[in-house]
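Working notes for the structure below.
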Amino acid sequence: MNPAVFLSLADLRCSLLLLVTSIFTPITAEIASLDSENIDEILNNADVALVNFYADWCRFSQMLHPIFEEASDVIKEEYPDKNQVVFARVDCDQHSDIAQRYRISKYPTLKLFRNGMMMKREYRGQRSVKALADYIRQQKSNPVHEIQSLDEVTNLDRSKRNIIGYFEQKDSENYRVFERVASILHDDCAFLSAFGDLSKPERYNGDNVIYKPPGRSAPDMVYLGSMTNFDVTYNWIQDKCVPLVREITFENGEELTEEGLPFLILFHMKDDTESLEIFQNEVARQLISEKGTINFLHADCDKFRHPLLHIQKTPADCPVIAIDSFRHMYVFGDFKDVLIPGKLKQFVFDLHSGKLHREFHHGPDPTDTAPGEQDQDVASSPPESSFQKLAPSEYRYTLLRDRDEL
């Protein structure tokens, strides 16, 4: 007969505590540390990856670390598959090559990746566990709204840019490419889809993708490229979803200033769509070749009264065109002059050549004075940049230019 085994009360309590702890303690998600050896493999295999670019000496980075780790734990419980969502980090001092690759100019910087592709918009929201978790949940939500009736297409919000895909089957390569593009561009366009018999009237030549631009009178545009070619499909839809002339708001101002390009801005009243259309047409006609050297923007006069005051204007003066070089602001002449061929283009060229800055300080160039006309001393000090105040704040980030100056 086996001898009886007796446990003391203290031993029994200890055993129960260990058992309960093993059952109810959540598994801590590991933050992937990225380096030049593993970064491509980890990011390429992740549906969604949020990467924290940091430096140990940066106090904002230090404050973010425990928040980032806790948010990772929360999300890991909801998306347990390791490739569904990845939280990762890069020590930019140890891996300066990676920091340069992704043009990191401030710490911490939180960038989102989808299947290895870096999204243009980085995370700039609140640094809290809830905000980060909500952001990831939003990124994991379905980017395409499946319509149940073609009446939904008739009643679309035409103030938005809408991309509609008509497919025979949801389980198809055509739709998978469409959905992947939508996951990247859903902040810029509304994506909708229809399948089977519901979509049949719009599939007279097979699966079909249509762009409906803002405005009831604007004609639809049909995608004619390969439905299974991601790059071609993405480029076509991006061209439609990201306009040449973008609206600047207080929400996206930081993002736009960080692109580092001067602003050519039309200030207009919100309901003045005519001036906006004229400006858009002239930018497309005169300045398409300058797309990589300057940002074309429009702004609500009422919301951006302060920049207008900087150039001695008020909403009553709108529409007004100006350039903000992040050092100074320069005003275009009469808005009607934008219709003069080459006038707007010359204004931008004068910025790049330094003529605008030079003339503000020293008066008109000698070549601009008519023969026999006496030079007038009209030198002045141009208004300081107003939109540079929307740039990343030193109260949220360590800006690398500031550290370089130390």
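Every residue gets a Cβ built from N, Cα and C, even glycine.
Quick look at what Swiss-Prot annotates:
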COMPBIAS  377-387  compositional bias 'Polar residues'
DISULFID  C189-C241  disulfide bond
DISULFID  C301-C318  disulfide bond
DOMAIN    30-138  domain 'Thioredoxin'
MOTIF     403-406  motif 'Prevents secretion from ER'
SIGNAL    1-29  signal peptide
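Taking the motif 'Prevents secretion from ER' (403-406) as a whole, pLDDT averages 39 in the prediction. A Cα-Cα distance of 24 Å separates C301 (disulfide bond) from C241 (disulfide bond). Note: C318 (disulfide bond) has non-local neighbours F267, H268, M269, D272, S275, C301, L308, i.e. same-chain residues 6+ apart with C-beta under 8 A of its own C-beta. Remark: C241 (disulfide bond) has R161, I163, L185, D188, C189 as non-local neighbours, by Cβ distance under 8 Å and separation of at least 6 in sequence. Helix, strand and coil counts from DSSP across the domain 'Thioredoxin' (30-138) read 42 helix, 27 strand, 40 coil.
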